[in-house]
Structure formats: C-alpha cells, structure tokens
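As annotated by Swiss-Prot, Zn(2+) 1 binding site applies to 146, 149, 199, 202. Here Swiss-Prot flags 163, 166, 185, 188 as Zn(2+) 2 binding site, drawing on sequence analysis. Annotation source Swiss-Prot lists domain 'J' at 5-70. Sequence annotations record features per position, and here Swiss-Prot assigns repeat 'CXXCXGXG motif' to 146-153, 163-170, 185-192, 199-206. According to Swiss-Prot, the zinc finger annotation covers 133-211, on the basis of sequence analysis.
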C-alpha cells in the first residue's frame, strides 16, 4: 500500500476540521467503494487508502501523532486503539445504514452478505410510446433462485452451518502493511455460513441461470437515456441474500417528422415561395392530431413558429412543452419556360421598385458589404 500523505489522499488541508475530513472521506468512499466498481481493479485499493486516511485523521490522538511523525508513527501498528480500528465503525459513523447505499449488510455481528448484481436491459420505444407511456414485455436470462433447493444452496437446512473460520461474522482481520483491516472471510465468501452438503443442481450457489419474461410499465414522458428501476428483479444473490435490481434503459427511435428537446418537439414545415410571400394558413401534424398555423405574409426561411401546448409532458412534471415549427422555403425546380419568364418579369419589378424594401435580408447584406469597404 502506497504511503501517500493522508491529507493529500482526502484532498483536505492540514487545518481541516472533522466535518471537512468526514465530508471528503464520504465523497471518496461513495466513488471508490468496491461494490460500485466491480469492473475497476484499482477502486478497492483507493477505497482502502481513503479509509486508512480517514481512520487516522478522524481520531484526535492518531492525527496528532501523524502530524508529528508522519507514517513513522504507525510503523509498528496503530497506536492507542490496538490494531487499526474496525471499518464497520467508520461506515456506521459516516453512512449510517451503509447497506442501503451499496446493497449489502454490514450490521454488527452478522455475516457480510453481498446482494445480487443489478442488471441493465435496453428497450427501444417509438416517440409516441415514450410520450404517452406504454407497457412492454421483455425477456432475458439471469441468475434466479434454484428450484431444487429453493435458493438455499443446500440439500437440507441442517446442512447449513456456521463458518468455523470467521465464527459466523463473515469477516476476518488481515494485516496489510502497517494497518489491520477487515476483509470478507475467504472460506464462506462473507456470508458467515458454510454448506456441508451442497445442492447438486446449483452446486451450493443457490442460483441458476433462467429465462424470464416481465411486463414493464413505461411512464408517460420518458426520454432517451431515462431508466426505469424494477426493484428486486435483478440477479438473485444466492442463499439468504437480497436480489439486485433491474434497470430498463430507454432508447427512443428517431422519428420521421419530430425531434425532441426536453419538453419541446421540433419539426420542419416546408412551404413554397409564393406562400411565404403572400402568407397562408398551413395544416400540420402533431402527436395529438392535426392543427392549423398561420404563416404570415413575408415570412423568411428559418422562421420559428411556436404552437403552445403541443409538445411533451416530461416525467415528474405537469408542464407540457410546445411544438416549434421551423419554416423551410422550398425553391421550385424543373420550371417550364413560361414559369421562368414570369419569374424574370417578377424580378424586374423588384429591381425597379426602389421605394419599397421587398428583400430585407438582401438589402442588409449589401449594406454590410459596403460598410466593410468604406
């Protein structure tokens, strides 16, 4: 274990009070706890390092010794407390019921029982399903309690006995450098129990892979990336151990008309040059049916028109968003000779009319160019 400065490990100054030390340790413990970082091999070392730093800096006596002598104060074991303290005491002081946060029980005297792993399932929804809510049936394979032994892991209840290595505590004290730390018992896996005659079907694990089908209720207003938690529907934890949770993650398929940004929906409304110039009432689709919007005379391409209350009501709110319509003026193609002649005549009338500002963006553009070279 690296002998980094304890203040540096927790990220606090040497004048930090106990509240600052506790707050810094809590943040690191939440970040690096092994139960939250099963795929990060370095997390456990960082967690232990932070715990050691907190054990010293939270004790007035040990902190004073560390400030005077540094790590040398503990070369022969932790002073005063005899052997480095109990991490359960630290957790109880900092987090209260630590098991509620990390899914495992650390209660006094009992075995250390790990909960089943959480599972993740990605479900695809249409925009309409996400906005209105729906029920979906999902199927997956995951560890579930063994039918043969009812999840006990043993042929008979009498085959489950107290672990003789940890005496039912689920933890053993291990010496690591100049600290003594509590670790899960390697013989019983932290349960405090051992099985004399394991179930032949699950080999004592209490769980077996099974295919499952569940109906999931998707609440109205979910968005891409939102998760629906199904408590206790995750991986079975084994004999006498709490199940993990199932997280159903939403993926919303792209829509051919609408895009969503928070509570608002966006869409393009294509109109002709003549409709933009003369103005027109245009019928557009919404998720609640068709509505008509007024395109004002002289509307420019890119203009945003807001239709209030035609958006989405997100989860956990009652405020419905709007539908934002972006006007897209389409330039005509494949014109006939007659149409081209008419357009040229129309253009001539624009060029010859100096009294009216009929092309505001064009006039503004050329004025800016002129200002640039003046």
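In case you wondered, yes, glycine gets a Cβ from its N, Cα and C as well.
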If I count Cβ-Cβ pairs under 8 A between the repeat 'CXXCXGXG motif' (163-170) and each of 146-153, 185-192, 199-206, which range comes out on top?
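That would be 185-192.
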Can you tell which of the binding-site residues 166, 185, 188 lies nearest to residue 146 (Zn(2+) 1 binding site) in space, using Cα positions?
188
How many Å separate the Cα atoms of residue 185 (Zn(2+) 2 binding site) and residue 202 (Zn(2+) 1 binding site)?
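That comes out at 22 Å between the alpha carbons.
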May I have the list of same-chain residues other than 146, 149, 199, 202 whose Cβ is within 8 Å of the Cβ centroid of the recorded Zn(2+) 1 site, in sequence order?
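The answer, listed by sequence position, is 147, 148, 150, 151, 152, 153, 154, 198, 200, 201, 203, 204, 205, 206, 207, 208.
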Fill in the CA-CA distance, residue 149 (Zn(2+) 1 binding site) to residue 188 (Zn(2+) 2 binding site), as an integer in Å.
18
How many Å lie between the Cα of residue 199 (Zn(2+) 1 binding site) and the Cα of residue 188 (Zn(2+) 2 binding site)?
16
Fill in the CA-CA distance, residue 163 (Zn(2+) 2 binding site) to residue 202 (Zn(2+) 1 binding site), as an integer in Å.
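Between the Cα atoms of residue 163 (Zn(2+) 2 binding site) and residue 202 (Zn(2+) 1 binding site), the distance comes to 20 Å.
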Cα-Cα separation of residue 166 (Zn(2+) 2 binding site) and residue 202 (Zn(2+) 1 binding site), in Å?
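Cα-Cα distance, residue 166 (Zn(2+) 2 binding site) to residue 202 (Zn(2+) 1 binding site): 24 Å.
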Tally the residues of the repeat 'CXXCXGXG motif' (146-153) by DSSP class, grouping H, G and I as helix, E and B as strand, and everything else as coil.
0 helix, 0 strand, 8 coil
Mean pLDDT over the domain 'J' (5-70): what is the value?
84
Just to verify a number: CA distance, residue 188 (Zn(2+) 2 binding site) to residue 202 (Zn(2+) 1 binding site), in angstrom, no decimals.
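That comes out at 16 Å between the alpha carbons.
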